[in-house]
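Annotated in TrEMBL:
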DOMAIN    1-294  domain 'Kinesin motor'
BINDING   GLY57, GLN58, THR59, SER60, SER61, GLY62, LYS63, THR64  ATP binding site
Amino acid sequence: MRGSILPGGIIKNSETQEFSFDRVFHQNTTQEEIFEELAHLIQSALDGYHVCVFAYGQTSSGKTYTMQGEPSREREGMIPRSIKLIFETKKEMEALGWSYDIRASFLEIYNENVRDMLAVDTRRPLEIRFNEGRGTTVSNLTIVPVSTAEELTDYMFKAQEKRSIAVTNFNEHSSRSHAVAKIYIEARYKDEIFYGSVSLVDLAGSESAKFANSERLTETKNINKSLSCLGNVMLALHKKESHIPFRDSKLTYLLQSSLGGNSKCLMIVHISPTQDCFNESINSLRFANQVKTVKLASSKNRVVK
Ligand SMILES: Nc1ncnc2c1ncn2[C@@H]1O[C@H](COP(=O)(O)OP(=O)(O)OP(=O)(O)O)[C@@H](O)[C@H]1O
């Protein structure tokens, strides 16, 4: 990335800043190519691992496009592709004697309130609880059993329609909430049960508060607080600190089980190609650099009956 930031956000174009990541996608990369990075993780969830995929980046940088996509086959995003892969693999494995119980929930965190996207009244905030052995759960969250990919995709669209939408300076239909689609997979083979899950997280835009108008300031502050908590949790995990500040935000508290040791995580960081967004892009790349250093341990969640 060319340019550097001077105090006050002035960009000096003569210097080069370099970042390196596991994979870098350009703006013409297809959804199918991006999903190739995810497919093995989805497979892991079917084998009994907890998997978490984040889309991070400033407003309008393409997070929802990546996760949700658009209805056409080529443009469908990571969530519908994950759903299809889960049900295709389930069918193959059932022929080999496995059986599956698949359920799903959709929630959003808006202004530090957790809301159930499948509930009739989505305004009712829900509580996050921590149970020894079960990890974090959300009280009264609707978790629906699903038996086909189409059924689960329909729930995804219903949940998406209800997401908090507000007007911002950058994106007319910007999503101002973190959206978490979670698929719970219980796989049985003979006397063994494997408990896996996939959390697909479309984070709210990470733009700096100075761009927000006064109405949106509280939203933006809450979004930035939870994203910086996510960064702090990642840093504390990286340093193997004795206290990991999961409870500093609803987002990190909710994802405690997915981040805290026993999971496979992937973050897709989005940046906008325009010069106006340079400072935000640098911030996103720095965040990604910090996250990249975190090494999580993961193990299969297996019970023998
Ligand atoms: N790779 C892409 N190809 C085609 N269109 C794209 C691509 N990425 C983003 N877009 C388009 O750019 C616009 C903004 O993208 P999107 O809504 O996904 O951004 P976002 O990061 O989710 O924003 P917000 O934080 O406000 O939710 C949308 O109209 C989307 O269709």
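Note: Cβ is positioned from N, Cα and C throughout, glycine not excepted.
Nobody curates TrEMBL annotations by hand; they come from automatic prediction.
As the structure is a computational prediction, the values presented were derived from the model and not from experiment.
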Could you tell me the mean pLDDT the prediction assigns to the domain 'Kinesin motor' (1-294)?
85
For LYS63 (ATP binding site), the number of other Cβ atoms found within 10 Å of its own Cβ:
26
Coarse DSSP state, helix versus strand versus coil, of THR64 (ATP binding site):
helix
Count the other Cβ atoms sitting within 10 Å of the Cβ of GLY62 (ATP binding site), across every protein chain shown.
17
May I ask which of the binding-site residues GLN58, SER60, GLY62, THR64 have a CB within less than 6 Å of any atom of ligand 1, listed in sequence order?
SER60, GLY62, THR64
For GLN58 (ATP binding site), which DSSP three-state class applies?
coil
Enter the number of other CB atoms within 10 angstroms of the CB of THR59 (ATP binding site).
23
At a 10 Å cut-off from the C-beta of THR64 (ATP binding site), count the other C-beta atoms across all protein chains.
22
When you measure from the Cβ of GLY57 (ATP binding site), how many other Cβ atoms are you left with inside 10 Å?
28
Just name the most isolated of the binding-site residues GLN58, SER61, going by other Cβ atoms within 10 Å of its Cβ.
GLN58
